[in-house]
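The next block holds one structure in the form of structure tokens; read it before the comments.
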């Protein structure tokens, strides 16, 4: 199902990876990102980092239906589907496979406030990014390698506008000028630009761009400042060694996917990923 979705629209691979990331960073990898709002639930879909931004919910619905059919019942959680779909997206777009731990169960609630507080914003400086990741049990190495997921996909003008007009000391001039052609000082907020030169290929172009001061997002370029820091060293390594990136990315994704999962009798296995099971 992932292969079909990506064949139809290559950008969907990035969207599925992002769903897993945004799910895990809010109260753990529990499928809470998938819950629709109800009169009694202000969920994560309408939080600032997610609203009009996250995509792929319909693909998850199709996967869930196909998995339930194949398994002759409701036995695979939506949280596990997100984890596997992220891995399969990486593989479909040229990355290396990695083993996905399974057995997560689904949350029965979600929190817009928690999503607003916990998903790292694209405007954060490096110390803030490090602090955010450390609050989730992830270190600087995890931050740098997981950010490499930005080798896939696109970002909206409203997210990178300030960088291309105001961060003249940390952005390549020609790169900024080319982006200004698609992202004016005001308006066209939803105009898209690719996050690296090959947005449908799971490669190391993202890190090569950072070394050349061509990171699209402020938070991306924060990983490489040319000051010889550990973050600099990691970016430089991955820019030159795709095999190291692929290997370390899989390890970090497994680590992230193990953040506070619901197991045993906690949570439930949702029949419909968008709504809590009715009793």
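Using N, Cα and C of the backbone, Cβ positions are placed for all residues, glycine too.
Note that the coordinates shown come from a computational prediction; the quantities given were computed from them, not determined experimentally.
Taken from TrEMBL, the feature active site, proton acceptor covers 22. As annotated by TrEMBL, Ca(2+) 1 binding site applies to 23, 26, 28, 30, 32, 44. Per TrEMBL, the feature substrate binding site maps to 120. If you look up TrEMBL, you'll see 150 marked as heme b binding site. Taken from TrEMBL, the feature Ca(2+) 2 binding site covers 151, 196, 203. Here TrEMBL flags 24-29, 78-273, 157-183 as disulfide bond. As annotated by TrEMBL, domain 'Plant heme peroxidase family profile' applies to 1-277. Summarising the annotation, TrEMBL assigns site 'Transition state stabilizer' to 18.
In this structure, the CA atom of residue 120 (substrate binding site) is 23 Å away from the CA atom of residue 203 (Ca(2+) 2 binding site). Every protein chain considered, the tally of other Cβ atoms within 10 Å of the Cβ of residue 157 (disulfide bond) stands at 20. Comparing residue 273 (disulfide bond) with residue 157 (disulfide bond), their Cα atoms are 30 Å apart once rounded. In this structure, 203 is the one among the binding-site residues 23, 30, 203 with the smallest number of other Cβ atoms inside 10 Å of its Cβ. For the Ca(2+) 2 site, the Cβ centre of 151, 196, 203 serves as reference, and the other residues of the chain with Cβ at most 8 Å from it are 148, 150, 152, 195, 197, 198, 199, 201, 202, 204, 205, 206, 207, 209. In space, 22 is the closest of the recorded positions 18, 22, 151, 157, 203 to residue 28 (Ca(2+) 1 binding site), judged by Cα positions. In this view, residue 29 (disulfide bond) is surrounded by 27 other Cβ atoms within 10 Å of its Cβ, with every protein chain counted. Closest by Cα distance to residue 157 (disulfide bond), from the binding-site residues 26, 151, 196, 203, is 196.
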